């Protein structure tokens, strides 16, 4: 992937654009969470980064978390708490593969650290969908993306202009959504 000039510095005085990080969470929640997990992120980690404590508590309470067992040995659902982790959209890997034509959607918690090219790769992947070049044959359920190793990816293009509406009114272009 090409190298992009991100508005993030590294080192002792590094900082994040918290408004941008919040928009990223909005994209995850409204688009990516349908298939991908953030299984290593607890709702408490949103406090001070993307949400106030009250907002993070409300976000957690929207999720119904499986808990238990109770005194009779039964599992039950309860509203989430700040200490709970963001639940996966699937109960297990087999269910995820069955719902995605055999492809397993990776957890996104550490995705930029897990891929060569980091955030440049993720941005390029999300914005790089195009028609397959002549001579490239894709199987059913595959899509062409030159940034994915081998070019054939099971994930369809997910980001389009104005697919969501940001809470802060930022225009939701495909590029902005991927960023």
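Each Cβ is built from the backbone N, Cα and C atoms, and glycine gets one as well.
Source: prediction; values computed, not measured.
Annotation source TrEMBL lists domain 'Cytochrome c' at 19-171.
Other C-beta atoms found within 10 angstroms of the C-beta of residue 36 (heme c binding site) number 21, with every protein chain shown included. TrEMBL lists 32, 35, 36, 155 with the feature heme c binding site.
Within 10 Å of the C-beta of residue 32 (heme c binding site) we count 20 further C-beta atoms, all protein chains included.
Residue 35 (heme c binding site) is surrounded by 21 other CB atoms, counting those within 10 A of its CB over all protein chains shown.
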